[in-house]
Amino acid sequence: MGARASILSGGKLDDWEKIRLRPGGKKQYRIKHLVWASRELDRFALNPGLLESAKGCQQILVQLQPALQTGTEEIKSLYNTVATLYCVHQRIEIKDTKEALDKIEEIQNKNKQQTQKAETDKKDNSQVSQNYPIVQNLQGQPVHQALSPRTLNAWVKVIEEKAFSPEVIPMFSALSEGATPQDLNTMLNTIGGHQAAMQMLKDTINEEAAEWDRVHPVHAGPVAPGQVREPRGSDIAGTTSNLQEQIGWMTGNPPIPVGEIYKRWIILGLNKIVRMYSPVSILDIRQGPKEPFRDYVDRFFKALRAEQATQDVKNWMTDTLLVQNANPDCKTILKALGSGATLEEMMTACQGVGGPGHKARVLAEAMSQVTNTNIMMQRGNFRDHKRIVKCFNCGKQGHIAKNCRAPRKKGCWKCGKEGHQMKDCTERQANFLGKIWPSSKGRPGNFLQSRPEPTAPPAESLGFGEEIPSPKQEPKDKELYPLTSLRSLFGSDPLSQ
(Lines of atoms letter the chains of each structure in order from A and count residues from 1; the text may use other names and numbers.)
(Lines give C-alpha, C1' and ligand atoms only; values in the text may rest on other atoms or scores of the structure.)
Protein backbone atom coordinates (compact mmCIF):
# COMPACT_ATOMS: atom_id res chain seq x y z
CA MET A 1 0.00 0.00 0.00
CA GLY A 2 2.92 2.30 0.64
CA ALA A 3 3.99 2.21 -3.02
CA ARG A 4 0.46 2.80 -4.22
CA ALA A 5 0.00 5.71 -1.79
CA SER A 6 3.19 7.45 -2.94
CA ILE A 7 1.55 8.72 -6.15
CA LEU A 8 1.16 12.21 -4.62
CA SER A 9 3.28 13.98 -2.03
CA GLY A 10 3.81 17.42 -0.60
CA GLY A 11 1.68 20.24 -1.96
CA LYS A 12 -0.08 18.07 -4.52
CA LEU A 13 -1.30 15.76 -1.76
CA ASP A 14 -2.65 18.74 0.16
CA ASP A 15 -4.50 19.93 -2.94
CA TRP A 16 -5.86 16.41 -3.48
CA GLU A 17 -7.33 16.23 0.01
CA LYS A 18 -9.09 19.60 -0.39
CA ILE A 19 -11.20 18.45 -3.36
CA ARG A 20 -14.74 17.29 -2.57
CA LEU A 21 -16.28 14.17 -4.06
CA ARG A 22 -19.55 15.95 -4.92
CA PRO A 23 -20.50 19.62 -5.29
CA GLY A 24 -21.54 20.90 -1.86
CA GLY A 25 -20.70 17.59 -0.16
CA LYS A 26 -18.64 17.07 2.97
CA LYS A 27 -16.55 14.06 1.89
CA GLN A 28 -13.17 14.79 0.35
CA TYR A 29 -10.56 12.77 -1.54
CA ARG A 30 -8.10 10.77 0.55
CA ILE A 31 -5.13 8.50 -0.06
CA LYS A 32 -7.43 5.49 0.00
CA HIS A 33 -9.00 6.68 -3.25
CA LEU A 34 -5.57 6.56 -4.95
CA VAL A 35 -5.03 3.02 -3.63
CA TRP A 36 -8.42 1.97 -4.94
CA ALA A 37 -7.70 3.51 -8.37
CA SER A 38 -4.40 1.61 -8.59
CA ARG A 39 -6.09 -1.70 -7.83
CA GLU A 40 -8.82 -1.03 -10.38
CA LEU A 41 -6.20 -0.35 -13.06
CA ASP A 42 -4.58 -3.69 -12.21
CA ARG A 43 -7.93 -5.36 -12.61
CA PHE A 44 -8.42 -3.77 -16.05
CA ALA A 45 -4.89 -4.74 -17.11
CA LEU A 46 -3.61 -1.13 -17.13
CA ASN A 47 -0.34 0.12 -15.67
CA PRO A 48 -0.91 1.79 -12.25
CA GLY A 49 2.33 3.70 -12.69
CA LEU A 50 0.59 5.95 -15.20
CA LEU A 51 -1.13 7.69 -12.28
CA GLU A 52 2.16 9.33 -11.26
CA SER A 53 2.18 11.88 -14.13
CA ALA A 54 -0.28 14.07 -16.00
CA LYS A 55 0.63 12.45 -19.31
CA GLY A 56 -0.08 8.99 -17.89
CA CYS A 57 -3.45 10.13 -16.53
CA GLN A 58 -4.29 11.51 -19.97
CA GLN A 59 -3.55 8.14 -21.57
CA ILE A 60 -5.78 6.39 -19.02
CA LEU A 61 -8.62 8.83 -19.76
CA VAL A 62 -8.32 8.14 -23.49
CA GLN A 63 -8.63 4.39 -22.84
CA LEU A 64 -11.56 4.68 -20.43
CA GLN A 65 -13.64 7.30 -22.28
CA PRO A 66 -15.11 4.95 -24.97
CA ALA A 67 -16.41 2.63 -22.21
CA LEU A 68 -18.25 5.31 -20.25
CA GLN A 69 -21.52 4.89 -22.15
CA THR A 70 -21.78 1.13 -21.60
CA GLY A 71 -19.47 0.63 -18.61
CA THR A 72 -20.28 -0.08 -14.99
CA GLU A 73 -20.28 2.35 -12.09
CA GLU A 74 -16.74 1.27 -11.19
CA ILE A 75 -15.46 2.45 -14.60
CA LYS A 76 -17.21 5.82 -14.21
CA SER A 77 -15.82 6.25 -10.68
CA LEU A 78 -12.35 5.33 -11.92
CA TYR A 79 -12.64 7.85 -14.77
CA ASN A 80 -13.72 10.58 -12.34
CA THR A 81 -10.85 9.81 -9.98
CA VAL A 82 -8.24 9.87 -12.76
CA ALA A 83 -9.69 13.11 -14.15
CA THR A 84 -9.39 14.75 -10.73
CA LEU A 85 -5.84 13.44 -10.37
CA TYR A 86 -4.95 14.89 -13.79
CA CYS A 87 -6.09 18.36 -12.65
CA VAL A 88 -3.95 18.04 -9.52
CA HIS A 89 -0.89 17.14 -11.61
CA GLN A 90 -1.54 20.12 -13.93
CA ARG A 91 -2.07 22.51 -10.98
CA ILE A 92 -5.59 23.30 -12.19
CA GLU A 93 -7.65 24.73 -9.33
CA ILE A 94 -10.89 22.78 -8.81
CA LYS A 95 -13.26 22.38 -5.88
CA ASP A 96 -15.00 19.10 -6.68
CA THR A 97 -15.18 16.24 -9.17
CA LYS A 98 -17.70 17.99 -11.42
CA GLU A 99 -15.33 20.90 -12.02
CA ALA A 100 -12.58 18.41 -12.88
CA LEU A 101 -14.80 16.74 -15.50
CA ASP A 102 -15.66 20.14 -16.99
CA LYS A 103 -11.97 21.04 -17.26
CA ILE A 104 -11.19 17.71 -18.93
CA GLU A 105 -14.00 18.21 -21.44
CA GLU A 106 -12.79 21.73 -22.22
CA ILE A 107 -9.24 20.52 -22.81
CA GLN A 108 -10.41 17.67 -25.04
CA ASN A 109 -12.54 20.02 -27.17
CA LYS A 110 -9.62 22.39 -27.61
CA ASN A 111 -7.31 19.56 -28.64
CA LYS A 112 -9.94 18.30 -31.06
CA GLN A 113 -10.24 21.70 -32.72
CA GLN A 114 -6.48 22.00 -33.07
CA THR A 115 -6.31 18.55 -34.63
CA GLN A 116 -9.05 19.38 -37.13
CA LYS A 117 -7.37 22.64 -38.04
CA ALA A 118 -4.05 20.92 -38.58
CA GLU A 119 -5.70 18.33 -40.82
CA THR A 120 -7.45 21.05 -42.80
CA ASP A 121 -4.22 23.00 -43.28
CA LYS A 122 -2.44 19.86 -44.36
CA LYS A 123 -5.19 19.08 -46.84
CA ASP A 124 -5.09 22.61 -48.25
CA ASN A 125 -1.33 22.49 -48.63
CA SER A 126 -1.51 19.19 -50.46
CA GLN A 127 -3.85 20.68 -53.07
CA VAL A 128 -3.08 23.35 -55.65
CA SER A 129 -4.36 26.80 -54.69
CA GLN A 130 -7.46 27.88 -56.62
CA ASN A 131 -7.26 31.56 -55.68
CA TYR A 132 -5.35 32.77 -58.73
CA PRO A 133 -6.38 32.93 -62.38
CA ILE A 134 -3.51 30.61 -63.34
CA VAL A 135 -3.85 27.24 -61.60
CA GLN A 136 -2.49 23.77 -62.17
CA ASN A 137 -4.63 20.87 -63.27
CA LEU A 138 -4.26 17.27 -62.15
CA GLN A 139 -1.47 16.72 -64.66
CA GLY A 140 0.46 19.68 -63.22
CA GLN A 141 -0.03 21.88 -66.27
CA PRO A 142 -0.84 25.60 -65.82
CA VAL A 143 -4.43 26.38 -66.75
CA HIS A 144 -6.13 29.77 -66.80
CA GLN A 145 -9.16 30.27 -64.59
CA ALA A 146 -11.28 33.22 -65.68
CA LEU A 147 -12.28 35.94 -63.26
CA SER A 148 -15.54 35.18 -61.52
CA PRO A 149 -18.60 37.38 -62.14
CA ARG A 150 -18.56 38.15 -58.42
CA THR A 151 -15.11 39.76 -58.71
CA LEU A 152 -16.15 41.81 -61.73
CA ASN A 153 -19.37 42.89 -60.01
CA ALA A 154 -17.41 44.06 -56.96
CA TRP A 155 -15.08 46.10 -59.20
CA VAL A 156 -17.94 47.74 -61.10
CA LYS A 157 -19.74 48.56 -57.84
CA VAL A 158 -16.63 50.27 -56.47
CA ILE A 159 -16.33 52.46 -59.58
CA GLU A 160 -20.02 53.38 -59.44
CA GLU A 161 -19.96 54.32 -55.76
CA LYS A 162 -16.49 55.79 -55.36
CA ALA A 163 -15.83 57.02 -58.93
CA PHE A 164 -12.05 57.49 -58.86
CA SER A 165 -11.41 58.33 -55.24
CA PRO A 166 -8.06 57.27 -53.71
CA GLU A 167 -9.44 54.01 -52.25
CA VAL A 168 -10.15 52.68 -55.76
CA ILE A 169 -6.45 51.91 -56.33
CA PRO A 170 -5.98 49.44 -53.43
CA MET A 171 -9.32 47.84 -54.33
CA PHE A 172 -8.15 47.30 -57.90
CA SER A 173 -4.84 45.88 -56.67
CA ALA A 174 -6.62 43.38 -54.41
CA LEU A 175 -9.12 42.20 -57.03
CA SER A 176 -6.45 41.79 -59.73
CA GLU A 177 -3.99 39.75 -57.70
CA GLY A 178 -2.16 37.34 -60.04
CA ALA A 179 -4.30 38.32 -63.04
CA THR A 180 -3.15 38.06 -66.64
CA PRO A 181 -3.21 41.02 -69.06
CA GLN A 182 -6.39 39.56 -70.54
CA ASP A 183 -8.06 39.58 -67.10
CA LEU A 184 -6.96 43.16 -66.49
CA ASN A 185 -8.41 44.27 -69.83
CA THR A 186 -11.66 42.54 -68.89
CA MET A 187 -11.83 44.57 -65.67
CA LEU A 188 -11.18 47.82 -67.56
CA ASN A 189 -13.77 47.01 -70.24
CA THR A 190 -16.49 46.54 -67.61
CA ILE A 191 -16.35 50.27 -66.81
CA GLY A 192 -19.21 51.82 -68.79
CA GLY A 193 -18.92 55.49 -67.91
CA HIS A 194 -15.95 57.75 -67.22
CA GLN A 195 -14.68 57.46 -70.78
CA ALA A 196 -12.51 60.56 -70.37
CA ALA A 197 -10.71 58.83 -67.54
CA MET A 198 -10.40 55.66 -69.61
CA GLN A 199 -8.81 57.63 -72.45
CA MET A 200 -6.28 59.10 -70.00
CA LEU A 201 -5.53 55.58 -68.80
CA LYS A 202 -4.95 54.36 -72.37
CA ASP A 203 -2.54 57.22 -73.02
CA THR A 204 -0.54 56.30 -69.92
CA ILE A 205 -0.43 52.62 -70.96
CA ASN A 206 0.80 53.55 -74.45
CA GLU A 207 3.54 55.74 -72.98
CA GLU A 208 4.72 52.97 -70.67
CA ALA A 209 4.62 50.42 -73.50
CA ALA A 210 6.79 52.68 -75.67
CA GLU A 211 9.23 53.09 -72.80
CA TRP A 212 9.35 49.29 -72.39
CA ASP A 213 10.19 48.83 -76.07
CA ARG A 214 12.96 51.41 -75.78
CA VAL A 215 14.54 49.82 -72.73
CA HIS A 216 14.08 46.19 -73.94
CA PRO A 217 15.01 46.06 -77.64
CA VAL A 218 14.33 42.87 -79.63
CA HIS A 219 17.36 40.64 -80.14
CA ALA A 220 18.29 40.01 -83.75
CA GLY A 221 17.80 36.56 -85.24
CA PRO A 222 15.07 33.96 -85.13
CA VAL A 223 13.70 32.48 -81.92
CA ALA A 224 15.21 29.11 -80.98
CA PRO A 225 12.87 26.08 -81.09
CA GLY A 226 11.12 25.46 -77.76
CA GLN A 227 11.64 29.02 -76.54
CA VAL A 228 9.05 31.76 -76.14
CA ARG A 229 9.60 35.09 -77.83
CA GLU A 230 10.30 38.12 -75.73
CA PRO A 231 7.21 40.22 -74.98
CA ARG A 232 6.88 43.69 -76.45
CA GLY A 233 5.00 46.57 -74.86
CA SER A 234 1.86 45.76 -76.84
CA ASP A 235 2.17 42.11 -75.77
CA ILE A 236 2.24 43.12 -72.11
CA ALA A 237 -0.85 45.27 -72.65
CA GLY A 238 -2.63 42.24 -74.17
CA THR A 239 -3.08 43.85 -77.59
CA THR A 240 -0.80 41.60 -79.70
CA SER A 241 -0.58 38.53 -77.44
CA ASN A 242 -2.99 35.70 -76.72
CA LEU A 243 -3.80 33.97 -73.45
CA GLN A 244 -1.42 31.02 -74.00
CA GLU A 245 1.52 33.31 -74.62
CA GLN A 246 0.73 35.29 -71.51
CA ILE A 247 0.56 32.09 -69.43
CA GLY A 248 3.84 30.94 -70.99
CA TRP A 249 5.61 34.16 -70.03
CA MET A 250 4.22 34.12 -66.49
CA THR A 251 5.06 30.43 -65.83
CA GLY A 252 8.30 30.23 -67.81
CA ASN A 253 11.80 29.68 -66.48
CA PRO A 254 12.76 32.40 -65.78
CA PRO A 255 9.25 33.86 -65.60
CA ILE A 256 8.33 37.24 -67.06
CA PRO A 257 5.50 38.68 -64.92
CA VAL A 258 3.64 40.40 -67.73
CA GLY A 259 0.51 40.56 -65.57
CA GLU A 260 2.29 42.43 -62.77
CA ILE A 261 4.00 44.77 -65.24
CA TYR A 262 0.70 45.63 -66.93
CA LYS A 263 -0.94 46.03 -63.53
CA ARG A 264 1.77 48.52 -62.52
CA TRP A 265 1.10 50.56 -65.68
CA ILE A 266 -2.64 50.64 -64.92
CA ILE A 267 -2.06 51.76 -61.32
CA LEU A 268 0.20 54.55 -62.60
CA GLY A 269 -2.62 55.74 -64.86
CA LEU A 270 -5.17 55.41 -62.06
CA ASN A 271 -3.02 57.66 -59.88
CA LYS A 272 -3.23 60.39 -62.52
CA ILE A 273 -7.00 59.94 -62.78
CA VAL A 274 -7.40 60.08 -59.00
CA ARG A 275 -5.40 63.29 -59.01
CA MET A 276 -7.73 64.75 -61.63
CA TYR A 277 -10.87 63.66 -59.74
CA SER A 278 -9.45 65.07 -56.47
CA PRO A 279 -8.62 68.69 -57.34
CA VAL A 280 -8.18 69.70 -53.70
CA SER A 281 -4.51 70.04 -52.85
CA ILE A 282 -3.12 68.91 -49.54
CA LEU A 283 -2.04 72.52 -48.96
CA ASP A 284 -5.70 73.61 -49.04
CA ILE A 285 -6.84 71.22 -46.32
CA ARG A 286 -7.34 73.37 -43.24
CA GLN A 287 -9.28 72.75 -40.07
CA GLY A 288 -12.36 74.86 -39.56
CA PRO A 289 -12.86 76.88 -36.36
CA LYS A 290 -15.53 74.47 -35.06
CA GLU A 291 -14.48 71.33 -36.98
CA PRO A 292 -13.53 68.33 -34.82
CA PHE A 293 -9.90 67.33 -35.12
CA ARG A 294 -10.87 63.79 -36.14
CA ASP A 295 -12.81 65.00 -39.19
CA TYR A 296 -9.92 67.26 -40.15
CA VAL A 297 -7.48 64.32 -39.97
CA ASP A 298 -9.79 62.21 -42.15
CA ARG A 299 -9.91 64.90 -44.85
CA PHE A 300 -6.16 65.45 -44.58
CA PHE A 301 -5.17 61.83 -45.15
CA LYS A 302 -7.77 61.37 -47.89
CA ALA A 303 -6.15 64.23 -49.79
CA LEU A 304 -2.71 62.86 -48.95
CA ARG A 305 -3.52 59.54 -50.63
CA ALA A 306 -4.24 61.39 -53.87
CA GLU A 307 -0.89 63.22 -53.81
CA GLN A 308 1.68 62.10 -56.39
CA ALA A 309 4.70 62.07 -54.10
CA THR A 310 7.14 59.67 -52.52
CA GLN A 311 6.61 58.25 -49.07
CA ASP A 312 9.31 60.51 -47.61
CA VAL A 313 7.54 63.59 -48.93
CA LYS A 314 4.21 62.34 -47.58
CA ASN A 315 5.79 61.77 -44.17
CA TRP A 316 7.10 65.34 -44.20
CA MET A 317 3.64 66.63 -45.15
CA THR A 318 2.13 64.68 -42.27
CA ASP A 319 4.63 65.99 -39.72
CA THR A 320 4.46 69.62 -40.89
CA LEU A 321 1.15 70.43 -42.57
CA LEU A 322 -1.05 68.48 -40.17
CA VAL A 323 -0.05 70.80 -37.33
CA GLN A 324 0.40 73.93 -39.42
CA ASN A 325 -3.10 73.85 -40.95
CA ALA A 326 -4.95 73.08 -37.71
CA ASN A 327 -7.10 75.74 -36.07
CA PRO A 328 -5.53 77.91 -33.34
CA ASP A 329 -6.92 75.85 -30.45
CA CYS A 330 -5.63 72.53 -31.78
CA LYS A 331 -2.39 74.10 -32.99
CA THR A 332 -1.60 75.30 -29.47
CA ILE A 333 -2.18 71.82 -28.07
CA LEU A 334 -0.19 70.07 -30.82
CA LYS A 335 2.79 72.39 -30.43
CA ALA A 336 2.79 71.69 -26.71
CA LEU A 337 3.02 67.94 -27.43
CA GLY A 338 6.23 68.40 -29.41
CA SER A 339 7.44 67.09 -32.74
CA GLY A 340 7.68 63.45 -31.65
CA ALA A 341 4.00 63.00 -30.85
CA THR A 342 2.16 60.15 -32.57
CA LEU A 343 -1.15 60.53 -34.37
CA GLU A 344 -2.93 58.72 -31.55
CA GLU A 345 -1.55 61.17 -29.00
CA MET A 346 -2.60 64.11 -31.20
CA MET A 347 -6.17 62.86 -31.60
CA THR A 348 -6.44 62.11 -27.88
CA ALA A 349 -5.12 65.55 -26.91
CA CYS A 350 -7.42 67.40 -29.34
CA GLN A 351 -10.50 65.36 -28.50
CA GLY A 352 -13.39 67.67 -27.64
CA VAL A 353 -11.74 70.83 -28.95
CA GLY A 354 -14.40 73.15 -30.36
CA GLY A 355 -17.23 71.79 -28.24
CA PRO A 356 -19.11 73.70 -25.52
CA GLY A 357 -17.07 72.12 -22.75
CA HIS A 358 -13.79 73.19 -24.31
CA LYS A 359 -15.06 76.72 -24.93
CA ALA A 360 -16.17 77.06 -21.32
CA ARG A 361 -12.82 75.80 -20.08
CA VAL A 362 -10.88 78.21 -22.32
CA LEU A 363 -13.07 81.12 -21.20
CA ALA A 364 -12.58 80.21 -17.55
CA GLU A 365 -8.81 80.04 -18.00
CA ALA A 366 -8.78 83.41 -19.77
CA MET A 367 -10.87 85.00 -17.02
CA SER A 368 -8.59 83.50 -14.38
CA GLN A 369 -5.50 84.89 -16.10
CA VAL A 370 -7.04 88.36 -16.38
CA THR A 371 -8.06 88.30 -12.72
CA ASN A 372 -4.62 87.17 -11.59
CA THR A 373 -3.01 89.87 -13.73
CA ASN A 374 -5.19 92.59 -12.21
CA ILE A 375 -4.47 91.35 -8.71
CA MET A 376 -0.73 91.35 -9.36
CA MET A 377 -0.90 94.83 -10.88
CA GLN A 378 -2.84 96.12 -7.88
CA ARG A 379 -0.38 94.55 -5.49
CA GLY A 380 2.48 95.94 -7.51
CA ASN A 381 1.00 99.43 -7.55
CA PHE A 382 0.41 99.24 -3.83
CA ARG A 383 4.00 98.25 -3.23
CA ASP A 384 5.52 100.69 -5.70
CA HIS A 385 3.42 103.73 -4.82
CA LYS A 386 3.70 103.93 -1.05
CA ARG A 387 2.18 106.94 0.66
CA ILE A 388 4.84 109.41 1.74
CA VAL A 389 4.08 110.96 5.13
CA LYS A 390 5.57 114.21 6.36
CA CYS A 391 5.87 115.46 9.89
CA PHE A 392 4.31 118.90 10.50
CA ASN A 393 6.47 119.37 13.59
CA CYS A 394 9.98 118.97 12.19
CA GLY A 395 9.22 118.99 8.44
CA LYS A 396 10.95 115.64 7.77
CA GLN A 397 9.47 112.69 5.87
CA GLY A 398 8.94 109.18 7.18
CA HIS A 399 6.88 109.87 10.31
CA ILE A 400 4.02 111.94 11.56
CA ALA A 401 3.94 114.63 14.23
CA LYS A 402 2.47 112.30 16.83
CA ASN A 403 5.59 110.12 16.68
CA CYS A 404 8.06 112.98 16.23
CA ARG A 405 10.98 113.08 18.71
CA ALA A 406 11.88 116.70 18.02
CA PRO A 407 10.76 119.44 20.44
CA ARG A 408 7.16 120.43 20.08
CA LYS A 409 6.76 123.40 17.74
CA LYS A 410 4.72 126.26 19.17
CA GLY A 411 2.07 128.13 17.26
CA CYS A 412 0.62 127.34 13.84
CA TRP A 413 2.31 124.52 11.88
CA LYS A 414 1.41 126.25 8.63
CA CYS A 415 2.64 129.81 9.03
CA GLY A 416 4.67 129.48 12.24
CA LYS A 417 2.85 132.33 14.00
CA GLU A 418 1.54 131.97 17.51
CA GLY A 419 -1.95 132.71 18.63
CA HIS A 420 -3.87 130.33 16.42
CA GLN A 421 -3.82 126.72 15.25
CA MET A 422 -3.32 125.29 11.79
CA LYS A 423 -7.03 124.70 11.24
CA ASP A 424 -7.68 128.43 11.79
CA CYS A 425 -4.73 129.60 9.73
CA THR A 426 -5.62 132.04 6.95
CA GLU A 427 -2.51 131.36 4.93
CA ARG A 428 -4.09 128.46 3.14
CA GLN A 429 -7.41 130.20 2.47
CA ALA A 430 -6.32 132.90 -0.03
CA ASN A 431 -7.82 132.59 -3.51
CA PHE A 432 -5.86 132.80 -6.72
CA LEU A 433 -6.27 136.61 -6.69
CA GLY A 434 -4.41 136.76 -3.38
CA LYS A 435 -7.48 137.67 -1.31
CA ILE A 436 -8.57 135.87 1.82
CA TRP A 437 -11.74 133.86 1.42
CA PRO A 438 -14.37 133.72 2.69
CA SER A 439 -14.74 137.46 3.22
CA SER A 440 -15.69 138.75 6.62
CA LYS A 441 -18.32 140.95 5.08
CA GLY A 442 -20.91 140.57 2.43
CA ARG A 443 -22.87 137.63 1.17
CA PRO A 444 -21.36 134.23 0.44
CA GLY A 445 -19.26 134.09 -2.68
CA ASN A 446 -21.65 131.83 -4.60
CA PHE A 447 -24.38 134.55 -4.51
CA LEU A 448 -24.56 137.68 -6.65
CA GLN A 449 -23.35 140.66 -4.64
CA SER A 450 -25.47 143.26 -6.57
CA ARG A 451 -28.50 143.39 -8.77
CA PRO A 452 -27.56 142.64 -12.38
CA GLU A 453 -28.06 145.53 -14.74
CA PRO A 454 -29.79 144.99 -18.11
CA THR A 455 -27.40 144.31 -20.93
CA ALA A 456 -29.74 145.25 -23.80
CA PRO A 457 -29.23 148.69 -25.42
CA PRO A 458 -31.79 151.46 -24.65
CA ALA A 459 -34.73 152.03 -26.96
CA GLU A 460 -33.21 155.28 -28.23
CA SER A 461 -30.38 153.38 -29.79
CA LEU A 462 -32.72 151.35 -32.03
CA GLY A 463 -33.30 154.11 -34.50
CA PHE A 464 -35.82 156.97 -34.89
CA GLY A 465 -33.43 159.03 -37.03
CA GLU A 466 -30.56 158.88 -34.63
CA GLU A 467 -27.22 157.83 -35.97
CA ILE A 468 -25.51 154.90 -34.35
CA PRO A 469 -21.86 155.58 -33.91
CA SER A 470 -19.56 153.12 -35.56
CA PRO A 471 -16.99 151.19 -33.53
CA LYS A 472 -14.19 153.04 -35.33
CA GLN A 473 -15.35 156.38 -33.91
CA GLU A 474 -15.23 155.17 -30.31
CA PRO A 475 -12.15 156.00 -28.30
CA LYS A 476 -9.57 153.27 -28.23
CA ASP A 477 -8.97 153.58 -24.52
CA LYS A 478 -12.63 152.69 -23.80
CA GLU A 479 -12.97 148.94 -23.19
CA LEU A 480 -16.10 146.90 -22.56
CA TYR A 481 -16.41 145.05 -19.27
CA PRO A 482 -19.18 142.75 -18.11
CA LEU A 483 -21.64 144.49 -15.87
CA THR A 484 -21.43 141.75 -13.31
CA SER A 485 -18.24 142.24 -11.37
CA LEU A 486 -15.97 139.55 -9.97
CA ARG A 487 -17.22 140.53 -6.55
CA SER A 488 -20.20 138.31 -7.13
CA LEU A 489 -17.93 135.29 -7.39
CA PHE A 490 -14.87 135.96 -5.27
CA GLY A 491 -16.01 138.49 -2.75
CA SER A 492 -14.44 141.92 -3.37
CA ASP A 493 -13.31 142.91 -6.89
CA PRO A 494 -9.97 144.72 -6.88
CA LEU A 495 -10.88 146.59 -10.06
CA SER A 496 -14.02 148.01 -8.53
CA GLN A 497 -12.19 149.50 -5.58
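Including glycine, each Cβ sits where the backbone N, Cα and C put it.
When the ranges 47-64, 299-316, 389-406 are checked against Swiss-Prot, the one recorded as zinc finger is 389-406. Between the stretches 7-31, 82-106, 132-156, 157-181, Swiss-Prot puts its region 'Interaction with Gp41' entry on 7-31. Of all the Cβ atoms in the protein chains shown, 10 others lie within 10 Å of the Cβ of SER148 (phosphoserine).
Here the motif 'Nuclear localization signal' (26-32) has Cβ contacts under 8 Å with residues 5, 8, 13, 16-20, 81, 84 of the same chain, all six or more residues outside its ends. Summarised as a single figure, the pLDDT of the region 'Dimerization/Multimerization of capsid protein p24' (277-363) averages 81.
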